[in-house]
Amino acid sequence: MSDISKASLPKAIFLMGPTASGKTALAIELRKILPVELISVDSALIYKGMDIGTAKPNAEELLAVPHRLLDIRDPSQAYSAADFRRDALAEMADITAAGRIPLLVGGTMLYFKALLEGLSPLPSADPEVRARIEQQAAEQGWESLHRQLQEVDPVAAARIHPNDPQRLSRALEVFFISGKTLTELTQTSGDALPYQVHQFAIAPASRELLHQRIEQRFHQMLASGFEAEVRALFARGDLHTDLPSIRCVGYRQMWSYLEGEISYDEMVYRGVCATRQLAKRQITWLRGWEGVHWLDSEKPEQARDEVLQVVGAIAG
């Protein structure tokens, strides 16, 4: 697309970053200054009743600065990148029609990628194929299926852990249904995002600072009633660890504690470690991201001013 045709597109802002990097706080500050409306880009914040462990903005913050695409699914329901793209495009169109600018804030990089580049035409899930895969896993173990994936799609196998049955079974399912690998199909993108996007990433300057923030926030969540929140989900009886909601960082570890699999101290340790691993994956995504302007979360006023400097001209 030429620069001239790109300039004629409506404007949008991406504010990306790892967990515990201060994205939401900066977005709320920007909302006070710029003609923007916030859209959440977070695969955990979509779930109702999952507030403390996801660091969801509180009621007071949401009253002052509404966020779209929060609390749109029950934890028993799935929500795909395709679902997100559809919903986000509808919200962006609504915001643009009102003469304002969509500000998309979050850390689910797969959602940002799907929105920006479009989605490859993957086949829909097939219950029969999935059942066959799960039967094979029950008989031979997931390690055996991972070796099978390595033979047909080594690129996907290198990316998917043998202990991740959800992604492993999906990669095999795609191959069995279409005869093409997940890697082949995902190299074919769909429609690009019809917006002129200004992209920002916020993170602390050092990994140690981010690790400190993550540990501090996990303990704050525990002090705020995270265990009681997960106990309420646990007591429902219809939720389990195969669901994306309960596999969210922190929830999975607390669930193991409630099931008596691990001690409280082990839950805290694993929860902090899993959150750090998530942050590492998010930063790895962002380092390979083109056209992103990095902001230092330890200098919030400077970060805000840098965004205003870049975005101010388009918001005037």
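Note: Cβ is positioned from N, Cα and C throughout, glycine not excepted.
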Region 'Interaction with substrate tRNA' according to Swiss-Prot, located in which of 16-23, 48-55, 224-231, 280-287: 280-287
Arithmetic mean of per-residue pLDDT over the region 'Interaction with substrate tRNA' (247-252): 97
Secondary-structure category, per DSSP, in which ARG130 (site 'Interaction with substrate tRNA') falls: helix
Rounded inter-Cα distance in Å - THR19 (ATP binding site), THR108 (site 'Interaction with substrate tRNA'): 9
Shell list (ATP; ref centroid = CB of GLY17, PRO18, THR19, ALA20, SER21, GLY22, LYS23, THR24; cutoff 8 A): GLY107, ILE202, ALA203, SER297
Other parts of the chain folded back onto the region 'Interaction with substrate tRNA' (280-287), taken as Cβ under 8 Å at six or more residues beyond its ends: 16-19, 107, 109, 113, 201, 203
Inter-residue Cα distance where the pair is ALA20 (ATP binding site) and THR108 (site 'Interaction with substrate tRNA'), in Å: 13
